[in-house]
Amino acid sequence: QLQSKILILTICAAGIGGTFQYGYNISIINAPTSYIQMFMNETWLERTGVPLESNVVLLLWSFTVSAYPLGGLTGAVVAGPMAIMLGRKMSLLLNNVFVIIAAVLSGFSRMAKSFEMIMLSRFFTGVNAGVSMNIQPMYLAESAPKKLRGAVALTSASFTSLGLVLGQVVGLRELLGGEENWPFLLASNVVPALIQLMFLPWSPESPRYLLIDRGDKESCISALQKLRGNSDLSAELEEMLAEQHAVKGQRAKNPWELFQNPSVRWQLTSIVVLSSAMQLCGNDSMYFYAAYVFQEAGIPRDKIPYVVIGTGSCELITSVTCNMIIDYAGRRPLLLGGYIFMAGWAIVFMVALSQQTQISWMPYLSMACIFAYILSFGIGPAGVTGVLPTEVFDQMSRPAAYMICGSLLWFNLFLVGTAFPFIVKSLAHFCYVPFLVVCVCTALFVGLFLPETKGKSFLEISEEFKKRNFKAQTHAVFYKGPEEIKTTVL
C-alpha cells in the first residue's frame, strides 16, 4: 500500500537526519578522545614552541565536549520559531546546513592545524541535534494517524539509539577510530544529512500545521491523502477542524506565555518534570561507568569497546520494543515501570560497587546492573518523554512547549556532564544516590498526577487537563491523582 509506504518513508527520512544525528554525534566523540588531545598539544607546540600542561589540555577538551550541549540549547531555542515560520518539514531540511558546516570544519581541522575548528564544529553539530530533537517528534506525531501516534512519534527514540550504536561501531579502531582517521570520523555525520536531503522532500508537510497554522485546507487534504491513501478522512478532518476552531484567533505562543497561563499549568509541570528527569536519572552516566566496570569484571582492555556496543544495543532493542507496545500498554505504565525499575537497579548498583573488591562475583553483578538500568530507561522514559509535549499541548502551544523541553534537556545534559565527575569524587560508591532520588520522585509524580493519553484525540486530552487545571482554582483543594483518573470517561 502506497500510503503506508509514504508514512514509513516520512518516518525514516525524518529520523536519519533528525534524532539519529543526536545519538551518533554523542558517541563518535568518545573514540578519538586521546588523539584529539594529542593534536591540541602538538598544534599549540607548533604555534608557540611551548607544550600545553596536562590540565590545560583537559580544560580545552572539556570546552570541546561542552560545545555540543551548548549548541543543542541554542538549537532548542531556535527550533520553536523555525517550526512556526518555516513549517515542520522545511525546518528539518534546512537544519542539515548546520551539520554540513560542522563536517567541513572538523574534516579540515587537521589540515588547517586548528583545534578551534573542532570546537566550532561540535557547536554546530549541537545546534542541528537541538533543532531535530524538538521538531522531529512534533512533525511525526502531527502526521501519524491517531491509533499509531505513540508508535510513530516514538521512532525518534529508536533513531537516537540507532545513532548511538552506529557511532560506537564506526568509532572502532578497525573502521574510523584509528589515529589517522579521526577527522573523517568527526565529518562522517554529513552522510545522514545527505540521505535526509535526498528523501525527505518526497514526504508531505504536517497536515495539522497546514490546516491550523496556515489555514490551507486544500494542502492539508492532499497531505492527508498522501499519508492515508483512500481511507475515509472525514473523521480525522473533522477532529482537526474542531481543533482549528478551538484555537481560532490565537497566535503561536511564546515559552514565557506558557508559564503565565493557568490553563496549561499541569501540562507544563508534567513536561518540565519529565524532561528534567530524562537527563537527571543517570542513564548517560552509566556509559561513563561502563568501561571501568567491564575492566573490573576482567574483560581485556582492547575488547571493552566491543562490549560497550552491547550497552548501546540494549537501548536500541528496548526502544524498538517500546515502539511496538506503546499504543497497547499506554504511556503511564511505561514511564512508571521504567523509573521504578531504574530506582531498584540504582540501589543494587551502589551495593555492587561498594563490594567490588571484597566479593569476587560483584563486578559481574555491576555489569548486569548497567545493562538492566539502560534497558529500564529504554523501555519507557527514553521514548515516551519526547512524545508527551505533542499530546498534552494544543497546536499553538506545542512549539513553545518543545522549546522549554529541549532547553531543559540540553541544560541538564550539560549539568550532569559537568557535575558527575565531582559527584563520583565526593560520594564514591554512593554516586547514584542523587539519581535514585530523581527516579523515585519522578515515579511518584507519574503515578499521582499524569493522566493516560493513549488513543485520545488532542482535544480530549486538552479537556482532561482543563478539568484538572481549573479544579484546583474552583475548589481550592490540592488535586488527588488516582480518584480523578478513575472517573475519567472516554
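Cβ coordinates come from backbone N, Cα and C, glycine included.
Predicted automatically and left uncurated, TrEMBL annotations should be read as such.
Non-local neighbours of the transmembrane segment (7-24) in the same chain are 72, 92, 95-96, 99, 125, 128-129, 132-133, 135-137, 139-140, 143-144, 152, 155-167, 189, 192-193, 195-197, 199-200, 202-204, 227; each lies 6+ residues outside the stretch with a CB under 8 Å from one of its CB atoms. Annotation comment: TrEMBL describes 7-24 (among others) as transmembrane segment.
Annotated domain 'Major facilitator superfamily (MFS) profile' per TrEMBL: 11-454, in sequence order. Residues belonging to the domain 'Major facilitator superfamily (MFS) profile' (11-454) score a mean pLDDT of 89 in the model.
Here TrEMBL flags 58-80 (among others) as transmembrane segment.
The transmembrane segment annotation in TrEMBL covers 92-112 (among others). Through the fold, the transmembrane segment (92-112) approaches residues 14, 17-18, 21, 39, 75, 82, 86, 118, 120-125, 127-128, 131-132, 135-136, 139, 182-184, 186-190, 192-194, 196-197, 200-201 of its own chain, all at least 6 residues removed from its boundaries and within a Cβ separation under 8 Å.
Positions annotated as transmembrane segment by TrEMBL: 118-139 (among others).
Beyond the ends of the transmembrane segment (151-170), by six or more residues, the same chain brings 7, 11, 15-16, 18-28, 30, 133, 136-137, 140-141, 143-144, 176-177, 185, 188, 192, 305, 308-309, 312-313, 315-316, 319-320, 322-324, 326-327, 378, 382-384, 386-387, 390 to within a C-beta distance below 8 angstroms of the stretch. Here TrEMBL flags 151-170 (among others) as transmembrane segment.
The transmembrane segment annotation in TrEMBL covers 182-202 (among others).
A Cβ distance under 8 Å defines the sequence-distant neighbours of the transmembrane segment (334-353), meaning residues of its chain 6+ beyond its ends; these are 274, 277, 281-283, 322, 325-326, 362-363, 365-366, 369-370, 372-373, 376-377, 379-385, 429-433, 435-436, 439-440, 442-443, 446-447, 450. Per TrEMBL, transmembrane segment is recorded for 334-353 (among others).
Annotation source TrEMBL lists transmembrane segment at 365-388 (among others).
For 400-424 (among others), the entry in TrEMBL reads transmembrane segment.
The feature transmembrane segment is assigned by TrEMBL to 430-450 (among others).
Each of 118-139, 400-424, 430-450 was scored by its Cβ pairs under 8 Å to the transmembrane segment (182-202), and the highest score goes to 118-139. Among residues of the same chain six or more beyond the transmembrane segment (430-450), those with a C-beta under 8 A of the stretch's C-beta atoms are 266, 269-270, 273-274, 277, 280-282, 285, 331-332, 335-336, 339-340, 342-343, 346-347, 349-350, 354, 381, 420, 423-424, 479-482. Here the transmembrane segment (58-80) has long-range neighbours at 22, 25-26, 29, 33, 36-37, 40, 52, 91, 98, 115, 118-120, 122-135, 255, 399-400, 402-403, 405-407, 409-411, 413-414, 417-418, meaning same-chain residues at least 6 beyond its ends whose C-beta is under 8 angstroms from one of its own.
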